[in-house]
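As given in TrEMBL:
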type: BINDING; residues: Thr73, Asn275; note: O2 binding site
type: BINDING; residues: Thr73, Asp74, Phe183, Arg200, Gln249, Asn275; note: urate binding site
type: BINDING; residues: Thr73, Asp74, Phe183, Arg200, Gln249, Asn275; note: 5-hydroxyisourate binding site
Amino acid sequence: MLKLRGGRTLYYGKGDVLSYRTYAAPLAVKPIPESPYAGDENIIFAHNIKFSVSGESLLTSFTEGDNSQVVATDSMKNFILRETSNYGGCTTEGLLAFLAERFLERYPHIDELAIEADRLPFSAVTVADGGGWSASDLVFRRSHNEHAGASLRWRREDGGAKLLKQESALSRVQLIKVRGSSFYGFVRDEYTTLPESHDRPLFIFLDIFWTYENAADAIDGGRGKYVPSEQVHDLAHTVFHSVHSPSIQSLIYAIGQRILVSFPQLSEVRFESNNRTWETVVEPADPASAGVYTEPRPPYGFQGFTLTREDLSEGNGRT
Ligand SMILES: O=c1[nH]c(=O)c2[nH]c(=O)[nH]c2[nH]1
C-alpha cells in the first residue's frame, strides 16, 4: 500500500489494463534438471496490469478537489499501452520497471508508484507439418491455467527512481496428487471430527512468490539469472510427486527449500496455499483402486509461509 510521510495512505490508479504486445524479445534461461523449460519466444507478451501512484502533491486532490496535479487514470492506461511498444526486453519484471521509470521521469510531481501484472498466458498450438508435428509461430491458444506475475514498488529518491520492493509470482496453481499424502497426529479434542488420514487424495491451490537478491536479475533477462515461473512450477510438481507429505504445511516448506537450492539468485520464497482436498464419496478398497470423490464444501483451510536462505542452513531450528 502506498503511504505518505506520517503514515497517511493516499493512492489512485488503474486496474485491468489489458495489454497484448506482440514480438517482444525472446527469453532464454538456463535449464534445470526438474524442467524442460528453456525460454519463451515471446511472440505474444500479454499482461493484465494494475498501476497506482502516490505523493504529497496529490493530497489536495482529495482534500480540496484540486485536480491540477492529477494525471487522469485514463491517461495512465494510455501511457501503459503506448509505452509497452517501446519496451525492448523479455521479462514481465523488466516491462514493469520500464513503465515505472518512464512514468516517474514524465511526471516529476509523482513520488511513489506501485505496478503489478499477471502474465496472460498464450501457448502455441501444435500443427501438422507434413509428416510430423510442430509448434505454430502464428496461432496460439489462451490458457486460463496457472500463470506468472510480478509486482514492483518504486519511490523517487535523489532525482532518480528507487526500487523499494520486488516480488515475482506463480499464481493459481492447482495440483491433485491421487495418493501418497497423509494428515494425522493433529490435536484431538472435543472439537475434532476430522478423521486421521494415512493416504488422502490431496488437492491444493497454490500461489508462490519469490524475491531476487538483486532485482536486476529479474528486470534484465539478458543477465542469465531470470527465474521463469514455468521452472518454479515444474519444481513444485517434482517435489509434490516425490515426497510423501504429512501436511500441506510440510509440503510447501519442502517445495520452498528446493526452489531456494535451485535458484541461488533468490533471497526469499513465499507461499499461500489452500486446501481443496476432495471429499470422499466411495472409499477405495486400497489406495490405487477405484474411488469416487466430489468437490469439498467451504470453508477452506489455508497456509502461508516465507522461507529465506536461512532455511537452507543446518541448525536453523526449522528443519
Ligand atoms: O495439510 C493439512 N493441514 C492442516 O492444517 C489441515 N487441517 C485440516 O482440517 N486438514 C488439513 N490438512
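Keep in mind that glycine also has a Cβ here, set from the backbone N, Cα and C atoms.
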Just checking: which of the binding-site residues Thr73, Asp74, Phe183, Arg200, Asn275 have a C-beta under 6 Å from ligand 1?
Phe183, Asn275
What's the CA to CA span in angstrom from Asn275 (O2 binding site) over to Phe183 (urate binding site)?
12
Under 8 Å between C-beta atoms and at least six apart in sequence, can you list the same-chain neighbours of Arg200 (urate binding site), or say none if there are none?
Arg179, Ser181, Ser182, Phe183, Thr277
How far apart, in angstrom, are the most distant Cα atoms among the urate-binding residues Thr73, Asp74, Phe183, Arg200, Gln249, Asn275?
51
Per DSSP, Asn275 (O2 binding site) is which: helix, strand or coil?
strand
Could you measure between Gln249 (urate binding site) and Thr73 (O2 binding site) for me? Cα positions, answer in whole angstrom.
41
For Asp74 (urate binding site), which of the three DSSP-derived states applies: helix, strand, or coil?
helix
Who sits close to Thr73 (O2 binding site): which same-chain residues at least 6 apart have their Cβ under 8 Å from its Cβ?
Tyr12, Gly13, Lys14
